């Protein structure tokens, strides 16, 4: 490899290099710089590092191309995804800082693990090879396993981390087995070579391998029936970790799944569409009905996440330009709702500690009108109620399904959305019409304003929704 080639390859991976180098620097800074303010300094530097990586993906990387023997690709999809992942991870880190201080968990390892996880996510959305894909997934997963059990004094957190690790190892095994089958029958791990092998004729080995790969990736997006870990991990993990789990990793995994299906296996849509179709329906059903009986708001958000990944898979099943841009718009709007909802949950702290029951939201509109209005708007948006930005996210997904002649899937998506609205409205009812004697202590300024801004964004984003759709449409147009 010549110096020019190496320079070209590295220039396409500037965001990953910024994060990887930054993680090592933060680790050394935390070890060698002793003092009371070291943890807070590392946390603030992490926020800046994540934002810098997002901006680097948006502005610094010029052009598009392949890197390192076509193992990684930087295209419009990678640019869009890395920007979104970096920004939402920075916001999640801002949410975590007051919590870590209050719970005496302000160790330097937390921000370093977040940076390493985001590095893996950015590798995932740029993967153009099965080995590169697996490297990104494992870098992300190994960091997330530790984050889930970060509060070692909590039995629930330790249990969550263990469950996540065991089931994650199982999903990695499925993914590796599928990848080995694909490699064996295609003769290559590169997406381009796999696409040529797929186009040359039907091969049952490639199809079986793809099914295993889909199962492994379905675990990463917590799609049914590979969702078993989600409610327990969401409930047991520290709340800011749950907020992180619900946003950036889901975005990275669903984009990777879409890339794998639409690029190397784009010629055999009819062979994998039915699998995605079934997983989407199961996810929407499990999420909608599972959430109806939940009393813990973090478990409810877990089922909400499962359901929303079902809607995202509806867009993937469309396997079209419309499906791809609808997927990106839906996921961005979902992340706005999810991060705002968890900011509100983090604002509900009494003198004894965090509260997590839905009943604890009672009377929130009277005790704290700002948070009450924000949570109401966020629930309406995630539920897809009309005139909120979340409604348009679901509308575009269903439109993509209709355009792809998936009429039954579109109808089921509408029906499950109606069922899902019930548990979002239940939360709104508790906020506005129930009463409670619980007194919350004032929340951190950053947490409070993230909740407020996210709530306002569910309405204020409507004027810029056209710009977001245009950007996502440009990505779909360039790729398919």
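Each residue, glycine too, has its Cβ placed from N, Cα and C.
According to Swiss-Prot, the feature transmembrane segment maps to 12-32 (among others).
Residues annotated as transmembrane segment in Swiss-Prot, with sequence analysis given as evidence: 41-61 (among others).
Counting residues 6+ beyond its ends, the transmembrane segment (80-100) has Cβ neighbours under 8 Å at 15, 39-40, 43-44, 46-47, 50-51, 53-55, 57-58, 106-107, 110-111, 114, 118, 121-122, 125-126, 238-241, 243-244, 247-248, 251-252, 255, 328, 331-332, 335, 339, 342-343, 346, 443-444, 446-447, 450, 471-472, 475 in the same chain. If you look up Swiss-Prot, you'll see 80-100 (among others) marked as transmembrane segment, on the strength of sequence analysis.
What Swiss-Prot records for 105-125 (among others) is transmembrane segment.
Per Swiss-Prot, transmembrane segment is recorded for 130-150 (among others).
According to Swiss-Prot, the feature transmembrane segment maps to 165-185 (among others), an assignment based on sequence analysis.
Taken from Swiss-Prot, the feature transmembrane segment applies to 237-257 (among others).
A Cβ distance under 8 Å defines the sequence-distant neighbours of the transmembrane segment (275-295), meaning residues of its chain 6+ beyond its ends; these are 211, 214, 218, 223-225, 227, 231, 261, 303-311, 313-314, 316-317, 357-359, 406, 409, 412-413, 416, 419-420, 422-423. The transmembrane segment feature in Swiss-Prot is assigned to 275-295 (among others); the stated evidence is sequence analysis.
A Cβ distance under 8 Å defines the sequence-distant neighbours of the transmembrane segment (300-320), meaning residues of its chain 6+ beyond its ends; these are 221-224, 227, 230-231, 233-235, 242, 246, 250, 254, 257-258, 261-262, 266, 269, 273, 276-277, 279-288, 290-291, 294, 326-327, 330-331, 334, 338, 341-342, 345, 358, 382, 393-394, 396-398, 400-401, 403-404, 406, 409-410, 413, 416-417, 420, 423-424, 427, 476, 480. The transmembrane segment feature in Swiss-Prot is assigned to 300-320 (among others).
Among the features that Swiss-Prot reports, transmembrane segment is placed at 326-346 (among others), with the record citing sequence analysis.
Residues or ranges marked as transmembrane segment by Swiss-Prot on the basis of sequence analysis: 406-428 (among others).
The transmembrane segment feature in Swiss-Prot is assigned to 450-470 (among others).
A Cβ distance under 8 Å defines the sequence-distant neighbours of the transmembrane segment (237-257), meaning residues of its chain 6+ beyond its ends; these are 77, 81, 84-85, 88-89, 92, 95-96, 99-100, 103, 105, 114, 117-118, 120-122, 124-125, 127, 133, 136-137, 140, 144, 147-151, 154, 157, 160-161, 214, 217-218, 220-222, 298, 301, 305, 309, 312-313, 316, 327-328, 331, 335, 338-339, 342-343, 345-346, 354, 356. If one looks beyond the transmembrane segment (450-470) by at least 6 residues along the same chain, the residues whose Cβ comes under 8 Å of a Cβ in the stretch are 91, 94-95, 325, 329, 332-333, 336-337, 339-341, 343-344, 346-347, 370-371, 373-378, 380-381, 387-390, 392, 396.
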